[in-house]
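Undergrad: Sharing the feature lines straight out of TrEMBL:
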- 311-383: domain 'DUF1736' (DOMAIN)
- 499-532: repeat 'TPR' (REPEAT)
- 533-566: repeat 'TPR' (REPEAT)
- 601-634: repeat 'TPR' (REPEAT)
- 703-736: repeat 'TPR' (REPEAT)
- 33-54: transmembrane segment (TRANSMEM)
- 131-151: transmembrane segment (TRANSMEM)
- 188-208: transmembrane segment (TRANSMEM)
- 220-237: transmembrane segment (TRANSMEM)
- 243-266: transmembrane segment (TRANSMEM)
- 286-305: transmembrane segment (TRANSMEM)
- 372-391: transmembrane segment (TRANSMEM)
- 403-424: transmembrane segment (TRANSMEM)
- 430-449: transmembrane segment (TRANSMEM)
- 458-476: transmembrane segment (TRANSMEM)
């Protein structure tokens, strides 16, 4: 598995591969920084990266964690492992029209392992793994940066040399403490980026191993090139960006291993210079290795395409408004503005937000918009760096700048909207890998400043200050990611125009029972985005519960008008119409909801309630039966069936349904209570008593449970026990209907018995 190279330049090439790189100006000469042994450098990086994000270990499941983890059936043992290879990141079938086509089966597999080991959805284990992954990646960065900044050289014994220990330590620290990484580390869903980065780096290091000198004196190992391709494929199975490592390996090969001058190569290709082959710029080994990388990458993409299907993911205008703009000019100018904002987040990661969509960044529609300055600044810097990377006479400078730009730009390409539409405006998680390039450029810039500065220590103190500020910012941001309330509220000052931010704050408040405050944020979300149907639906729900039915109906009607297939809004509209006693319209709304969502147990449950109100008992029972078929643990539907059959005198059928329900949901105290009532009426007192007592044990503060058990004892003739439970019921709820009357009847009866006994 070793490729032996033979050509006219074999002696020079063998010598070059024997030393693996010519000695170049050492970046560390100009860097005023700490010099630590490799082991201690890695320990320091691991410790500091741990300190940055340690306070996120006991955080909750927040934001996207709910859909990707809690509601993802692929994590549960009953889902076959094979299904992971045909489902997207969120547990939907890749063939589905609603799938986002995010194919990350290995990431989902790690979530599943977390879930199984923890024995349920306990977030601590998930967070700990994320922190460990980031620490591991940061440690690997010491080796990666030592190669990127110092070149690739091996000792006579085949051990890789670190020619830039100070620079690689600084760059690794910059990476470890960058606040933009908080979303990936503190947000559990960010594990996709962490796993992708881990295998991305392992692929790069594996590719470097292909050039290690061996005993036979061969030049490079095909085995390690293939290992690098396989690791790149694994990275892509964790997240799509992973495939870009194959392109970066090719760039590294050309610049570091073959020392190609890109400008010279371009010039010779343009002028068809016959000296191109003699110049040794396109050596056979390089072409062979690039062919391997290209074939590997093409195979991986083809397999991915076959699994995903030909249909692109479906995104909406609110997810990425620029991509829906009719004008090519508007699209191009806004894409470039997004790039400039991503660059600014790398330079100054102070304004961080969990979501940048829904009006957070208004579209630039004309050249008179002052934000054009950001585009000009971005391209001024990029063009300046590219010119230096291509035209500088210093080969060391050319190599570092080109590698820095390569690692900055190439991993970002899948998120750039250039090849396909993405489902976000800005996402901090996608900058995790490109930040490698930023750290290279920052470190190189620091070395240049150190070279010119007379007081190098002051410059070193300034960089230490930046690192310290970043550590503090990471700790603060990690604490914000610990709960949804803190996370959502932190975004209000960063993206006040983002309707989704206000929606999420409102939803969080509503979940905690603060409806008045939730209404305020929902209204603001609808004001900022008048087509925000989910905000309308949730606001309509709250207004419905507050009996503000007419406004609720207006909002829900508008929501289904904007999005006619919004099943939840149709169901909620039906509930409001039912409350307004417009039964025909309510029935139509329910059936429309079911039309758009075939398996909708809650809608069948509400449809059953409508039929019960209309005394259409058979239709009601059928609707509730449909609900329990679709969702066997639907306690309310089971209860309503038992109660309706009980009320209509079908005690035997009610008993059968109650027993069936308890087999499926054996610990549901409300079902025990309903069945106990039926058994009591059927004079099965002993069994009824056992169920009442079991229900009371599960829910001892339910006044009705004690009251109905008292009625049972009253009928059964156990008057003392009846008196005891009547009194408990009245203590829990003095206004309990019927209980006081029954208690008074019992007391009179007991008094009569005492008189007779006397």
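Using the three backbone atoms N, Cα and C, a Cβ is placed for every residue, glycine included.
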Undergrad: Rank 131-151, 403-424, 458-476 by Cβ pairs under 8 Å to the transmembrane segment (372-391) and hand me the top one.
TA: 403-424
Undergrad: Short question: which residues 6 or more past the ends of the transmembrane segment (243-266) have a Cβ under 8 Å from it?
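TA: Non-local partners: 20-22, 147, 151-152, 200, 203-204, 207-208, 211, 228-229, 231-233, 235-236, 276, 279-283, 286, 289-290, 293-294, 296-297, 300-301, 389-391, 395, 398-399, 402-403, 406-407, 410-411, 413-414, 433.
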Undergrad: State the non-local partners of the transmembrane segment (430-449) in its own chain: residues 6+ outside its ends, Cβ under 8 Å from one of its Cβ atoms.
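TA: Counting only partners 6 or more residues beyond its ends, the transmembrane segment (430-449) has Cβ contacts under 8 Å with 27, 30-31, 141, 144-145, 148-149, 167, 170-172, 174-175, 178, 180-181, 184, 190, 193-194, 196-197, 200, 241, 244, 342, 345-347, 385, 397, 400-401, 403-409, 411-412, 414-415, 459, 463.
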Undergrad: If you count every Cβ pair below 8 Å, which range out of 220-237, 286-305, 403-424 shares the most with the transmembrane segment (131-151)?
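TA: Ranked by Cβ pairs under 8 Å, first place goes to 403-424.
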Undergrad: DSSP on the domain 'DUF1736' (311-383): how many residues come out helix, how many strand, how many coil?
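TA: Taking the domain 'DUF1736' (311-383) as a whole: 36 helix, 0 strand, 37 coil.
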Undergrad: Sequence-remote contacts (6 or more beyond its ends) of the transmembrane segment (403-424), Cβ cut-off under 8 Å?
TA: 100, 148, 200, 240-241, 243-245, 247-248, 251-252, 255-256, 312-313, 315, 319-320, 322-323, 331, 335, 338-339, 342, 356-357, 382, 385-386, 389, 430-431, 433-434, 436-438, 440-441, 444
Undergrad: Grab the same-chain neighbours of the repeat 'TPR' (499-532) for me: Cβ-Cβ under 8 Å, and only residues 6 or more beyond its ends, written as numbers and ranges.
TA: 63, 318, 353, 355, 357-360, 484-485, 488-489, 491-492, 538-539, 542-543, 545-546, 555, 562
Undergrad: Sort the residues of the repeat 'TPR' (601-634) into helix, strand and coil with DSSP and give the three counts.
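TA: Counting residues per DSSP class in the repeat 'TPR' (601-634), I get 27 helix, 0 strand, 7 coil.
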Undergrad: How does the model score the repeat 'TPR' (533-566) in terms of mean pLDDT?
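TA: When the pLDDT values over the repeat 'TPR' (533-566) are averaged, the result is 95.
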Undergrad: In the repeat 'TPR' (703-736), how many residues does DSSP put in helix, strand and coil?
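TA: So the repeat 'TPR' (703-736) is made up of 28 helix, 0 strand, 6 coil.
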